[in-house]
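Colleague: Below are the structure tokens for one structure; questions will follow.
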Amino acid sequence: MLDQATPHTDAHKTFTQPHAADGIDLTAHRAPTDRRDKIALGVVKFMRVFADAFFSTRYGHRAVVLETVAAVPGMVGGLLQHLKALRQIRDDQGWIRELLDEADNERMHLMTFIKIAEPSRFERFLILVAQGIFFNLYFLLYLFAPRVAHRVVAYLEEEAVISYTQYLEKVDAGVIENVPAPQLAIDYWNLGADARLREVIIAVRADEAGHRDKNHEFADALKAG
């Protein structure tokens, strides 16, 4: 039986590897093309206001709550796509695996930043509340408007790339200590034994950019029918 206290850390294969992570497009933004896209972007911008007000420049703690929320959509989408494929007796075209891999990847982000930020009891309570609220809202959104749901995630990931870029700038400027990377992060991303926070942020940011692009693709596919 697996030890439930130890995260499962298979080698990171699905998303961008650290050696290529600096080559991602940090400025990519999909301009909304219709009312649904504008609603999705508006929801994300609204959420960003609260995140900025609550966390300010505490990027490690922001990452903990962000990844708690970010780990939900892939699992919800994977579940509902799985049930849809069963109902319609058809192949899912790889969507289920992609979405479940995304959820697991975001879970590892959370495990990593919990080690780095060491959230307080209040912040752990906030994680519980945020996950409970977001899961139910996102489940309903995906059930009735999957295209909007994927676009919301894509725009959330756009904001995540921005946040991690700002986090990295603070580390490079010496404002935030470039602490050693947790062992689980070293194992997961195949980082060097002497890897530090900077390398972790670059790897996580690359993952988020991949999720950004993939969810925009999913939304486009649903729009095209």
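Cβ atoms are placed via backbone N, Cα and C, with glycine included.
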Colleague: For the Fe cation 1 site that TrEMBL describes with Glu106, His109, Glu208, which of these is also annotated: Glu67, Glu158, Glu169?
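Modeller: Among Glu67, Glu158, Glu169, only Glu67 appears alongside Glu106, His109, Glu208 as Fe cation 1-binding in TrEMBL.
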Colleague: If you count the other Cβ atoms within 10 Å of each Cβ, which of the binding-site residues Glu67, Glu157 comes out on top?
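Modeller: Result of the Cβ crowding comparison: Glu157.
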Colleague: Taking a Cβ cut-off under 8 Å, which residues six or more beyond the ends of the transmembrane segment (125-145) line up next to it in the same chain?
Modeller: 36, 64-65, 68-69, 72-73, 76-77, 80, 119, 152
Colleague: Which residues, in sequence order, are found in the same chain with Cβ within 8 Å of the centroid defined by the Cβ atoms of Glu67, Glu106, His109, Glu208 at the Fe cation 1 site, excluding those residues themselves?
Modeller: Ala63, Leu66, Ala70, Ala71, Asn105, Arg107, Met108, Leu110, Ala160, Val204, Asp207, His211
